Amino acid sequence: MANTDLEDRRSSLSLDSLEEISDPLPVFENKEQDQGEPDDRLHLTKELTKTLTLPPLADDDPFFDRFSKRTKTLFVGIVSFTCFLSPISNLAFTPAIPEVAEALNTTSQMINVSNAVYNVFMAISPMILSPLASLYGKKPIMILSSLGYTVSSILTAESQNLAMFFVFRAMNAFFGTCCFSVGGSIIGDIKVPKERGRAMSWVLMGTQLGPAFGPVLGGIIITYTNWRVIFYVVTGLGVINLLMIVFFLKETSRMVISKEIAKRTGKRFVFVKYNPIRVLFAFQYLNLIIAGVISSSIMYNMFGLLTPIRHVINPRFNLNSPVLGSLFYLAPGSGLLLGGPIGGRFADFTVKRWIKKRGERIPEDRLRSASYSLGFVMPVFMIIYGWSLQKKVGGMALPIVSMFFYAVGQTIAFPSINSYCVDCLPSLKGDAIASNYFARYIVGGCVASATCLVQIDNIGIGWTATISAFVSWIGFLANELMIRYGASLRLKALAKIEARNKDKKNQEN
């Protein structure tokens, strides 16, 4: 028998805040208490999925004080370590590419293509898995991702042919990457905006230390044993990460949609349908497109620098041992290690300085801290690195120093972009930062991984580095556009979202 009172409440439901609902829908403790028909309950589930939204929080909201400072630090550490795993798996085997190719009866170029495939699935992962964090909670999705990453790592180690290697590498990327966007959302749950830059810098340090130090680990392993051990080690790291998430990470979400629907419909479990490509809808907002251009330019430069290091360093300095060539990764790795804390503090300092100057905080102020890196540090030291190798000047010192300062600049730039995506359109939840990761890995990581060796072989490392510098300057121009016009673009996006929500409410009524 249909419940008419329930029908009336259902048609007018719009959750501006769960805590402020004065006449909430009935909560069914068991099925006997539910007077609605099954179809009615199913329709209610669909309607709730569309309307369960929460407004942005003020900086002094008690929500940010749920966890102690020590617990927040622990969460940041877990997220950072999780974000470390996928990139290290991506590039740890780079020094072993010739050995992997020989073992799988293929060419080094074909094995290198697997890095491009890896980046494609790194881009796809946030589209499919990240929205599930809003529906079912961030901790369950982090557990699922870590488990999938660990299993696919051991399967990669046991690959017997090229097809198995590609498939399991793709699985590894898919499960290992959604932690980037979900991790960014966790930071947004536990840190006020003025503190997010520093926390985000530690998370980003994990994402960037992986590709920097992974090849060093791979070079050492391949020198003394075989390439499969690389993925055995990665599997062990995955197990450690899984245990950390299960036992120490807590749910940080303000609201888990599936649990709220289950509570209000009396169901023990609710399967919530969602559109896996909804993340791409974020690109209807121009400010997020421009943010994607900025992060893509940084990622293009990073993979353009890290992927071919052994390819250009070994012939230049006549190095025969994999471990010797891989030691050159310590230069950018050290820069990333130093630049992470500097970048986060500099981003927070910039925000606070502009709050004092303007009297209010706007998300675009955080982008100002990236201008110096994008416009000067990254392109200049990239050019010095490339042409010092091309012209054989400066010995080992000049390219090493150039890689170090380039990496410092890169890590200073990244925290501001991620924090902006978390802050700019809160109603999009994790879709804003997930769309940014999609852009950076498809446009930046995939293109650079697939083309850098071809460019070097055809035009040389000097001109390849010059192209990377121009890409960085494109990112700089995009960043300046955001600083100048980003606020108006963001307000237009917010108005568009509000208008769309009103239209939905009118249609429901």
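Glycine is treated like the rest: Cβ placed from N, Cα and C.
Listed in TrEMBL for this protein:
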type	residues	note
DOMAIN	75-487	domain 'Major facilitator superfamily (MFS) profile'
TRANSMEM	117-136	transmembrane segment
TRANSMEM	163-187	transmembrane segment
TRANSMEM	199-223	transmembrane segment
TRANSMEM	229-249	transmembrane segment
TRANSMEM	277-303	transmembrane segment
TRANSMEM	323-346	transmembrane segment
TRANSMEM	367-387	transmembrane segment
TRANSMEM	393-417	transmembrane segment
TRANSMEM	438-456	transmembrane segment
TRANSMEM	462-482	transmembrane segment
(request) Express the predicted model's confidence over the domain 'Major facilitator superfamily (MFS) profile' (75-487) as a mean pLDDT, rounded to an integer. (result) 86
(request) Residue list, the transmembrane segment (462-482) vs rest of chain: Cβ under 8 Å, 6 or more residues beyond ends. (result) 287, 290-291, 293-298, 300-301, 304-305, 364, 367, 370-371, 374-375, 378-380, 382-383, 385-387, 389-391, 420, 452, 455-456, 489
(message) Quick check for me: are there 3+ Cβ pairs below 8 Å between the transmembrane segment (117-136) and the transmembrane segment (393-417), leaving out pairs under 6 residues apart?
(response) no
(request) Output the single range from 229-249, 367-387, 393-417 maximising the number of Cβ pairs under 8 Å to the transmembrane segment (323-346). (result) 393-417
(message) Which residues of the chain, 6 or more past the ends of the transmembrane segment (229-249), have a CB below 8 A from one of its CBs?
(response) 74-75, 78, 81-82, 85, 88-89, 92-93, 96, 139, 142-143, 146-147, 149-150, 153-154, 156-157, 217-218, 221-222
